[in-house]
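Listed in TrEMBL:
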type: DOMAIN; residues: 11-437; note: domain 'Major facilitator superfamily (MFS) profile'
type: TRANSMEM; residues: 12-29; note: transmembrane segment
type: TRANSMEM; residues: 70-90; note: transmembrane segment
type: TRANSMEM; residues: 97-119; note: transmembrane segment
type: TRANSMEM; residues: 125-148; note: transmembrane segment
type: TRANSMEM; residues: 160-181; note: transmembrane segment
type: TRANSMEM; residues: 193-215; note: transmembrane segment
type: TRANSMEM; residues: 246-266; note: transmembrane segment
type: TRANSMEM; residues: 286-307; note: transmembrane segment
type: TRANSMEM; residues: 314-336; note: transmembrane segment
type: TRANSMEM; residues: 342-360; note: transmembrane segment
type: TRANSMEM; residues: 372-392; note: transmembrane segment
type: TRANSMEM; residues: 412-433; note: transmembrane segment
type: REGION; residues: 443-483; note: region 'Disordered'
type: COMPBIAS; residues: 474-483; note: compositional bias 'Polar residues'
Amino acid sequence: MDKLAEKAFYRFLVLFFNCLLTFGSYFCFDIPSVLQDQFQGNLTCLNSTVTNGTVECVEGLGMTPQQYNLLYAIYAWTNAVVVIMAGFLIDKLGNRFGVFLFSFLTVLGSAIFALGSHFRGTEYLLPLMLTGRLLFGSGNGSLTIVQNRITAFWFKGKELALAFGLTLAFSRLGSVLNFFFTQRFEAHLGIQWTLWGGTLLCVMGFLAAIIVSALDKVGMKQLGLDGAIQEESRKVRVQDLRQLSLRYWLLVLTIMFFYNGIFPFIADASKFIQDKYSGYSQNEAAYIAGAVYDSSLILSATVGILIDYVGLRGVFAAGCAVLTLPVFALLAFTFVPPLVSTIWLGVTYSFAAASMWPSIPLVVPQATLGTAMGLATSVQMIGIGISNLIVGQILGTKSSDAKIPLWRWQRMMVFMLANTVGCIITSVVLNIVDHRQGGTLNKTTKKSLAEQPPSPLDREPLLEGEEGQEEAGSANSPSINSS
């Protein structure tokens, strides 16, 4: 008689609750983007008027643009540091410990962030909200690593591409629902209770962590793997960094430059649309900004399977960068409807995520893959953090202005353009170097993997911290703020 854990129903049940781990945290991540007017709104509004569906004076938390962008910068910096250490911690203590710890940090961080909103007009508001984002960032990026490892174990050799596609799509669903509903919640409940609602969704993720841990423990016991603990976990040495090739570093720079133009734009997109284009309400602007995630939600699974089948990762990476260039030019210098640009950006973003991150395992030795993925994520987050700070400086520091001047927005888009040009340069050089070294990146997945010697670690259980299955998980999905 077949064991329950060996049936498809069981692994898809694990997958369902595994997907719920990050649904709430993805929803929470971009709440400030949807409510940017409220975060930067005046502390008090007297005799406010409504023009073209837009309130001239919005009552809010009184943050400056610089302080607002710091909320995203500190999240990125925290991820840059924590994701590397989190990999080591998970290797030592296992995924079950990691899933509890990191899901709890998302709950704690979102709760402190919501608590900070009750101190508007005081010196405690910004420190509390920054502390909340710091803790939230510590949990969220690391939780994605655990999520990927669990998926890799239960679906290796089965519906792995589909499983990773569904995991990414479910997380993006949280982002999309945030852009659709958060502004409505705020209009009825106020900003404080809206932020607490986000915390409640993170609590749902913590409950999912309990369930997926229980399912995993029962399933592992049925499969006879629950007691298979690796006695000596591999310790990554500093010398391992010497094995990382030129192709790897070019790939990391390509990822960093591309994402430098994506996330800082999304963070300010809602206000940009209202400031530049007439006739858009805050709710409509949020919908349009969220179209980047809508496209990713729809395309992520299909695009991943397509690139696995046709290869051409390096070509897709360069192509995405080239096709992204006109987006920021349109936003900066024309009045083409912004929905065109956000959908366009969402399509290139979907192809970039599916082509860039899965390329890393093809250009580094298996023994250093965990270090390579963590380091790439760290560099990516450092770049995003610095970009958020620069954008905050470009947009100015006076929250009393009803609208940020158009010339400031144009400078921001030029900065996005500059990052995209950097991405084009590094991706072209990457393809040249890769071609000279055998063209691994542009081969199909089967051909690329056939050239790599098999690792005995692939046969060892995942949840006791083995690196081999971690590689399988990391190879098929980017981090939370990557996807």
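Every residue gets a Cβ built from N, Cα and C, even glycine.
Just going by CB pairs under 8 A, the stretch in 12-29, 70-90, 160-181, 314-336, 412-433 that sits most against the transmembrane segment (372-392) is 70-90. With a cut-off of 8 Å on Cβ pairs spaced 6 or more residues apart, the transmembrane segment (12-29) and the transmembrane segment (342-360) reach fewer than 3 such pairs and are scored as not touching. By the Cβ criterion (distance under 8 Å, sequence gap of 6 or more), the transmembrane segment (97-119) is counted as touching the transmembrane segment (70-90), at least 3 such pairs being found. Within its own chain, the transmembrane segment (193-215) is flanked in space by residues 10, 13-14, 17-18, 20-25, 27-28, 31, 35, 96, 99-100, 103-104, 106-107, 110-111, 113-114, 117, 143, 150, 174, 182, 185-186, which lie at least six positions past its ends and keep a Cβ under 8 Å from the stretch. Mean pLDDT, taken over the domain 'Major facilitator superfamily (MFS) profile' (11-437), works out to 82 on the 0 to 100 scale.
Long-range Cβ contacts of the transmembrane segment (70-90) within its own chain (Cβ-Cβ under 8 Å, at least 6 residues beyond either end) map to 29, 32, 39, 97-98, 101-102, 129-130, 133-134, 136-138, 140-142, 145-146, 149, 236, 263-264, 267, 370-371, 373-375, 377-382, 384-386, 388-389, 392, 465, 470, 479, 481. When Cβ distances are compared across the two stretches, the transmembrane segment (286-307) makes contact with the transmembrane segment (342-360), since 3 or more pairs at least 6 residues apart fall below 8 angstroms. Sequence-distant contacts of the transmembrane segment (160-181) (same chain, six or more residues past either end, CB-CB distance under 8 Å): 15, 18-20, 22-31, 33-34, 144, 147-148, 151-152, 154, 201, 286-287, 289-290, 293-294, 296-297, 300-302, 304-305, 308, 353, 472, 476-477, 480, 483.
Under 8 Å from some Cβ of the transmembrane segment (412-433) lie the Cβ atoms of residues 246-247, 250-251, 253-254, 257-258, 260-261, 264-265, 268, 272, 314-315, 317-318, 321-322, 324-325, 328-329, 331-332, 387, 390-391, 394-395, 441-442, all in the same chain and six or more residues away from its ends.
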